[in-house]
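Novice: Below are the structure tokens for one structure; questions will follow.
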Amino acid sequence: MNLPIKSNAASKEKLLTLLALKAYKNGNFTLSSGNKSNHYVNCKPVSLSGNGLLLLSNMMLENVEPDSLAVAGLTLGADPLVCGVALAATYAGRKLDALIVRKEPKGYGTASWLEGPLPPAGSVITVLEDVVTTGRSSLKAVNQLQNAGYRVNRIISIVDRQEGGAFEIKKAGLDLVSLFVLDEVYEKFKNT
């Protein structure tokens, strides 16, 4: 099977325009970190649209480590991303499963933190994230995956807000690959 769309400069520009028009807001906001900001990025209107998810999935897949057996991320922002990337991988002829990391363990049954087809212990998993601010959400997902016996080396985000998250992720010994930084989204917003 072939990917329905190949990533290239035109598709990256199209995705940036979608983020600027549908995900970016300018005003006075309190972020999940508690910090105040004039910039707010909510990627869900893009990641939950068919066209947006298609663009995101293919671009993120290009950055998933070759030895990863799964992609995972903290619910809710990463849910469409992990599913989209796993599907894009299938179209590309690659086996890559999707895992969702709960914010809290399941309150009944297995009390699991992870949902999805679990790969063997010791497997490499790439973490997906919509927006990195402080890095806490990404690192929470990494921590739960490592506690379950998996290896995580890389986090892929849609947008790095450039507020210290990349530093915290690097300090934890992980790579961060971001499709865009906040400055790029803001510049596109101003010029669209």
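Each Cβ is built from the backbone N, Cα and C atoms, and glycine gets one as well.
The 5-phospho-alpha-D-ribose 1-diphosphate binding site feature in Swiss-Prot is assigned to Arg102, Lys103, Lys106, Glu129, Asp130, Val131, Val132, Thr133, Thr134, Gly135, Arg136, Ser137. The orotate binding site annotation in Swiss-Prot covers Thr133, Arg161, and the record cites sequence analysis as its basis.
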Novice: Restricting to the record's 5-phospho-alpha-D-ribose 1-diphosphate-binding residues (Arg102, Lys103, Lys106, Glu129, Asp130, Val131, Val132, Thr133, Thr134, Gly135, Arg136, Ser137), give me the longest CA-CA distance in Å as a whole number.
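Specialist: Those residues reach a largest Cα separation of 26 Å.
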Novice: Determine the minimum-neighbour residue: among Thr133, Thr134, listed as binding-site residues, which Cβ has the fewest other Cβ atoms within 10 angstroms?
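Specialist: Minimum Cβ neighbour count within 10 Å, taken over the binding-site residues Thr133, Thr134, occurs at Thr134.
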Novice: What residues, ordered by sequence, lie under 8 A Cβ-to-Cβ from Arg102 (5-phospho-alpha-D-ribose 1-diphosphate binding site) and sit at least six positions away in the same chain?
Specialist: Thr75, Ser112, Trp113, Leu114, Glu115, Gln144
Novice: So how many other Cβ atoms are close to Lys106 (5-phospho-alpha-D-ribose 1-diphosphate binding site), meaning within 10 Å of its Cβ?
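Specialist: Taking every protein chain into account, the count is 12.
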Novice: Restricting the comparison to the binding-site residues Lys106, Thr134, Arg136, which residue's C-alpha is spatially nearest the C-alpha of Arg161 (orotate binding site)?
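Specialist: Of all the candidates listed, Thr134 is nearest in space.
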Novice: Indicate whether Arg161 (orotate binding site) is helix, strand or coil by DSSP.
Specialist: coil
Novice: Should Lys106 (5-phospho-alpha-D-ribose 1-diphosphate binding site) be counted as helix, strand, or coil on the basis of DSSP?
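Specialist: The residue in question, Lys106 (5-phospho-alpha-D-ribose 1-diphosphate binding site), is coil (DSSP, three-state).
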Novice: I'd like to know which of these binding-site residues, Arg136, Arg161, is least surrounded, judged by other CB atoms within 10 A.
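Specialist: Taking Arg136, Arg161 as the binding-site residues, the minimal 10 Å Cβ count falls on Arg136.
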Novice: Which one of these binding-site residues has the most other Cβ atoms within 10 Å of its own Cβ: Asp130, Val132?
Specialist: Val132
